[in-house]
Every structure is written in structure tokens, then in C-alpha cells.
Amino acid sequence: SKLAALFEHPLYNIPIPEVTEKDKLFIVNPMEKFSLHSSGSDEWVSSSKAETLLPTGKTAYDTYPTWLKFHVGINRYELYPRRDPLLPTLLRDLATQRIVSSVQKSGGTQLKLIMTFPNYGQALFKPMKQTRDQETPIDFFYFSDFERHNAEIAAFHLDRILDFRRIPPVSGRLVNITKEIRDITTDKKLAKTFFISPAGNVCFYGECSYYCSTEHALCGKPDRLEGSMAALLPDKTLAKRRSWRSPWRRSYHKSKKAEWELNPNYCTQVRETPPYDRGHRLLDLIDMTILDFLMGNMDRHHYETFEKFGNDTFLLHLDNGRGFGTHSRDEPSILAPLQQCCSIKRSTYLRLQLLATQPYLLSDLLREALAADPLAPVLAEPHLRALDRRLGKVLAMVGHCLAR
């Protein structure tokens, strides 16, 4: 396994700082039993009457469902550890656990569902809208593109291979629209949008600001539908998150340009503006830029952080559905932060150099990672080959900066 060898490499074994109590998202006593509440959120409370040691000799922590262990493990420096023993189990849960509730997620431009499991774990389901080999039409604006379920799956694995570990775990899943959505939903608005197509397939379209109409319905074959299942982060009532507008946000206008597109010295003013004037926030944003360029994602208008950790923490790379839309062309403007600031973390640069050479070629590693997904093959081959080409362009840009 090239992937296993990669994670053994010294560049993937640089230790994170010591994690103190204040660096943990949640302070949990592993001896204390918790009871879960079905309160519409993934809330848990301490149960004072519970036995702290179980008859088997295990601690109460051992009985937590995997999603709760994932939440408890989040700290200032990483969303999950490099060698996370929970990861295979969590991905398997997302792909196989029985769905007991299915409702539409509010907000957003396209239809997404919140799925709940018997152990109160929850996942965000993005349904399949396009086949693997459909490229975004050349005349489409980035903001009118479909979100792709397979992009969410591939983005998680790419983020992990780059050693960022800032995307919550995602697995592919084949869902039965009738049994796992229509028959169990309590969402009355969603329930009204189901119908049988002329071809005899079960379809629905939900309610959203774009692509929620009979013409853009999601249809099964006859009721089987592919989608991505992403582990939800802790409920915001338990762990507040702060949303930050990206300084290199696009204008989201058909003809207007953003300031960074007109001012080649734009980075100078960003460097003087909090939170980019200190710490590693700007370098973290450039990490995210490289991830986006590799997958061709032009839709990064905001990012989030956990409020508890202030400015000194990692960025969450959420909403990656507009990645992997094109393989035949690259979008150099995504790399504007790297180009204008000429800054990159040394550790990121060394890993990128490693991923551009045998036996650790980026396309081979992602191909291997995605082969284990229930919906494999997740990406068409041209998308995997495009990764190596784009990685070469990132390294060339850094080389140009170094020469300057």
C-alpha cells in the first residue's frame, strides 16, 4: 500500500504540540457515563447514576458511539489524528448504519438532507446530480454549477493525503429513496415534493433557492440513489463556530471583479488586517487555496473555525461539492493568495514535493484511497491525472516565488 507507506514517512510524523485541557474542544471524563438525548441535536449529558466502570472492565468512554468519540477527539491542532483508529469504523457507520430520520437541511442553494442514525449520530447527505464523466460546461459561471457528491468524498481523502485533516470524514452511500427518505421523513415540505417519473422512477426535489424543481428532480433507479454522507460536526449549541469571509472571495457577479483580481499588491493589505497580521492564519488559508486548486474548486467564499480556540487554530474546509467539475482545464485564479503573497508553510511545500514524485504520486495515492469507498470508482481517471498536472503548477509557482 502506497498510502500506508506515505503515512509512515517522516514528513507525516511531525508531532503536533502537546494537547492540554484548554486545547480540547470538549473536556470529558472518560470514566463518566453519558446518556444521549434525541432532542433534534446531537446533545449528550452526564448521567450521575450510571456506573463509571462497566462489568467488562472497560471505561464508559469505550461505550460511546464512534461519532461521539470523533467529536471528543477534536482539538486546537487537528480535526482527527493522523493514525486515527476510529476512522475506518466511522466511515463504515456512515455507509451502513440504519437511517431512522431524514429531513432537508435548511439554507444553502441546493438540496441536502440531514440523516440520523439509531445511536443519534447524524450525517449530511448530498445526492448525486451528475455522472462521473460530466464536466462543468465551459460557459457556466462557478456559482451556477451543480454540487457533486463524489467531489465531497474525494475532497476528504485528498485533504487527508495532504495532511491537512480539516474536512470531516465522508463516505459514499447508496440510499433507498422510498424506505430511507420518503417513508421516514417528518419534513412536510420535503414530503410534498416526491413523485413517480414517466420512467417509473421515484423522484423528489425539496425546497431550495436553486435547482429545486421538477426539472431538477433527483431520481432513483428505480428508487436507489447515490450520495455522499459526511459526518456532522458537533452541534453549534455545544461548540460554536465562527464563519470568516475569505479575503480572496469572488464577486459572485457576472461582470464585476473582486478587488484582489484588480490589485496585484492586494496581499500587502491583507497582511495588515487581523487575523492575517499575526500567527499562521494566512499560511493556513494558502493551504486551503492549494487544496482548492488541485480539485478545481472556485467556490470558497467563507471558511470556519471553532470559536473556543480563537485565531490560533486550523481552518475547517467545509462544502467541497463544487470541486472536481473539470479535468481538461485548470483555473489559475484559485492560486491568487499563493501567487500574490509568495508564502507557504515549509511543511506543506516539502509534502507537495514528495507527492510529485514516485512512489508517492498524488494521483496513485488518491486512487488507492478512493478504491475502498462503497461508490468506487469515485473519480473518473482524467480527474486523477489532472491532480498531478496541477500539483506541478503549484510547485512551479513556489519555485518562481523562491527565485524572486
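Heads up, the Cβ atoms here are built off N, Cα and C, so glycines get one too.
Listed in TrEMBL:
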- Asp299: active site (ACT_SITE)
- Gln110, Lys126, Glu147, Ala230, Ala231, Leu232, Leu233, Glu304, Asp319: ATP binding site (BINDING)
- Glu147, Asp319: Mn(2+) binding site (BINDING)
- 194-403: domain 'FAM20 C-terminal' (DOMAIN)
For ATP, whose listed binding residues are Gln110, Lys126, Glu147, Ala230, Ala231, Leu232, Leu233, Glu304, Asp319, the greatest C-alpha pairwise distance in Å: 20
Ala231 (ATP binding site), Cβ-centred 10 Å count of other Cβ atoms over all protein chains shown, is 24
For Glu147 (ATP binding site), what is the tally of other C-beta atoms lying within 10 angstroms of its C-beta? 25
Which residues, sitting 6 or more apart from Gln110 (ATP binding site) on the same chain, put a CB under 8 Å from its CB? Lys129, Phe146, Glu147, Cys208, Tyr210, Tyr211, Cys212, Gly321
For each of the recorded positions (Asp299, Asp319), count the other CB atoms lying within 10 A of its CB, then report the residue with the highest count. Asp319
When a 10 Å sphere is centred on the Cβ of Leu233 (ATP binding site), how many other Cβ atoms does it contain? 22
Within the domain 'FAM20 C-terminal' (194-403), what mean pLDDT does the predicted structure show? 95
